[in-house]
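The structure under discussion appears below in the form of structure tokens.
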Amino acid sequence: MAIKKRYVKRLLRKVVLLLVVIVTVSLVTTLVVERRMKNAAELTEQLDPNGDPITPVFRAANIHPTRKAPRPPFQDRNSVVDIPRSDKLQGFRLPEPKGERKDWHDYAAMEADRKRSGFGEHGVAVKIENPDEKQLEKEHYEMNGFNGLISDRISVNRSVPDLRLEACKTRKYLAKLPNISVIFIFFNEHFNTLLRSIYSVINRTPPELLKQIVLVDDGSEWDVLKQPLDDYVQQHFPHLVTIVRNPERQGLIGARIAGAKVAVGQVMVFFDSHIEVNYNWLPPLIEPIAINPKISTCPMVDTISHEDFSYFSGNKDGARGGFDWKMLYKQLPVLPEDALDKSMPYRSPVMMGGLFAINTDFFWDLGGYDDQLDIWGGEQYELSFKIWMCGGMLLDVPCSRVAHIFRGPMKPRGNPRGHNFVAKNHKRVAEVWMDEYKQYVYKRDPKTYDNLDAGDLTRQRGVRERLKCKSFHWFMTEVAPDFLVKFPPVEPPSYAAGIIQNVANPVYCLDNMGKSTEEAVGMFSCADNRTHPQPNQFWELSIFRDLRMKGFDSVCLDVHEGPPNATVWMWSCHSQGGNQFWYYDRQTQRLVHGENNKRCLEGFVENGIAKVVANSCENGNDRQRWEFGFVNHTMLDTFYDGLK
């Protein structure tokens, strides 16, 4: 009986113990589940409106070595488009800025601008109507590369059109932003145009952010830019504008270095001396730098006409900066993942170079500009490569817009050095930063580069070693993944090349007439050598499906307007098709313009003058028939392969 009682007690203890274990496990399980549910709830609160997680920490240029993973997104409360969810294309966006946000618009100043009237106000074109002033107008034009007489008639405080995207007009930015030094460099700049650049910045920049304006006179020869400029600055901007004068011309790069050395702002903004900023240009430009000081930014560049000072929009869709293997600056479309919201900053491999912002400390940590780069040329590549390869990032900012005068024809100013300083600059950049890819630059022009001394590169190589910068292969594959497709390192064969002879007028061939870009193409007596004629008649239907001068990637045939008799311009090559798309139809011998196949190149002789136009394609019109010196039939068989 006693044994039975002990057995029952042990059994009860086991049952109780089992129950305790079950209860404990249940309790622990419940706690774990509740904790996970709580974490899930917290995570849900950190998703943006599109269901994508917010990345709280941002490391500049900390890009995964494969492009498969999406870039870290951040919540944009002002987004104007529906960014696709994770099962679709993921957009690149910066992290959510921390801190109070503010509307930086100066609405009173904007309203005052709206009420202005007069010559050139609101960016309206101005014409000189008085025939007695035409000669003076011509002289101003030749001296400046733009219409200086019109510039003198326009107020230095003129109003501009608001060219921003609608989303930019209501967006708020961090209330706490770094202050800036704006650095203008100039050489023999038109006085009123320089003043308008200064006033433009002062009038449209929050005064609490504008620490300083630096004017660097790079050895100007004109008297008006000496004591009269000093007096004007002292009278109107005594505590804001600093003038630095180089005793002799150092060029763009040396002048910028001189300006950077006296800059006291937390961020430096470098500008050419013939610009006008748009409304609220600064906050969107420097907010990315406030988020991460290793980001450099560029505004969207609008245009001020060199002919009539009209102010109009540039590329509204934006473009990424790049280069070809002749080291010519090129532009490419924005990457699809960066173009989902056209109002947000996007990545660009190379800056245009004339307008950009950079944290002052970061600029000097990168070694500034290579001070052995002479005059101009290559500086935008050197700085862009350094920014990306040494831990930074370069962004273009659509909500920040600055208009620039792109000079027209003017009297040549001469080579200040008497040698090819641009090629030497390019070789310095290639030797330090481009690694094995430099050979593709040299092979494009071995005569220039083979025996060219790049100078002492010790300091620049030391910068790269000190900062432990990435390889150029990393840059080409991660930052500029489409460059090798758009600009093959090994020059591909042409679809057709040589002379382009008009069938109706066989003594005439397409000719640049000794002119360059922004001029109409013409016809002249055909060269004797059909496949390798003199440069002015050496054309190619290139791999980019454009008609360009062989060996001169800066000149392509471009048609701006529709028929009849549309002018065929020689224009800077952009390698993007569109107005520069051409196809050679071997059966009809037509050079067809555009992908819609409706316009053809036409040559004719009128009153003894040979002309070239684009007209609607017509069967049986021999004036629209052309013969190349050489046709690559194998390549033409696949001309449309790969086109969308």
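Backbone N, Cα and C define each Cβ position, glycine as well.
Summarising the annotation, Swiss-Prot assigns topological domain 'Lumenal' to 35-644 and lists sequence analysis as the type of evidence.
Sequence annotations record features per position, and here Swiss-Prot assigns N-linked glycosylation site to N157 (among others). Taking a C-beta cut-off of under 8 Å and a sequence gap of six or more, N157 (N-linked glycosylation site) has these contacts in its own chain: R196, Y199, N203.
The region 'Catalytic subdomain A' feature in Swiss-Prot is assigned to 177-288. Here the region 'Catalytic subdomain A' (177-288) has a mean pLDDT of 97 out of 100.
The secondary structure of N179 (N-linked glycosylation site), as reduced to three states from DSSP, is coil rather than helix or strand. Positions annotated as N-linked glycosylation site by Swiss-Prot, on the basis of sequence analysis: N179 (among others).
Residues or ranges marked as substrate binding site by Swiss-Prot: D218, R249, S273, W376, R407.
Counting only residues at least six positions away in the same chain, the Cβ atoms of D272, H274, I275, V301, D302, T303, I304, G354, L355 sit under 8 Å from the Cβ of H404 (Mn(2+) binding site). DSSP assigns H404 (Mn(2+) binding site) to a strand in the three-state reduction. Marked as Mn(2+) binding site by Swiss-Prot: D272, H274, H404.
Annotation comment: Swiss-Prot describes 345-407 as region 'Catalytic subdomain B'.
Annotation comment: Swiss-Prot describes 496-629 as domain 'Ricin B-type lectin'.
For the recorded site, C509 (disulfide bond), the DSSP three-state label reads strand. What Swiss-Prot records for C509-C526 (among others) is disulfide bond, and it gives sequence analysis as the kind of evidence.
Less than 8 angstroms from the CB of N529 (N-linked glycosylation site) sit G629, each of them six or more residues away in the same chain. When secondary structure is read from DSSP and collapsed to three states, N529 (N-linked glycosylation site) falls in the coil class. Annotation source Swiss-Prot lists N-linked glycosylation site at N529 (among others), citing sequence analysis.
Sequence annotations record features per position, and here Swiss-Prot assigns disulfide bond to C556-C573 (among others) based on sequence analysis. Cβ environment of C556 (disulfide bond): D546, L547, R548, M549, M570, W571, S572, C573, H574, Q580 lie under 8 Å away, each six or more residues apart in the same chain.
Taken from Swiss-Prot, the feature N-linked glycosylation site applies to N565 (among others), supported by sequence analysis. Same-chain residues at least 6 positions away in sequence with a Cβ under 8 Å from that of N565 (N-linked glycosylation site) are, in sequence order, V613, A614, N615. N565 (N-linked glycosylation site) falls within neither a helix nor a strand when secondary structure is assigned with DSSP, and so counts as coil.
Within 10 Å of the C-beta of C617 (disulfide bond) there are 20 other C-beta atoms, taking all protein chains into account. The disulfide bond feature in Swiss-Prot is assigned to C600-C617 (among others).
Reduced to three states, the DSSP call for N632 (N-linked glycosylation site) is coil. Here Swiss-Prot flags N632 (among others) as N-linked glycosylation site.
Take the mean position of the Cβ atoms of D272, H274, H404, the recorded Mn(2+) site; other residues of that chain with a Cβ within 8 Å of it are S197, F271, S273, I275, I304, G354, L355, I405, F406. The binding-site residues considered are D218, D272; of these, D272 has the fewest other C-beta atoms within 10 angstroms of its C-beta. Taking Cα separation as the measure, N179 (N-linked glycosylation site) is nearest to S273 of the binding-site residues D218, R249, S273, W376, R407. Fewest Cβ neighbours within 10 Å among the binding-site residues R249, H274, R407: this applies to R407. Note: S273 (substrate binding site) has non-local neighbours F184, I185, F186, E189, T193, L194, S197, i.e. same-chain residues 6+ apart with C-beta under 8 A of its own C-beta.
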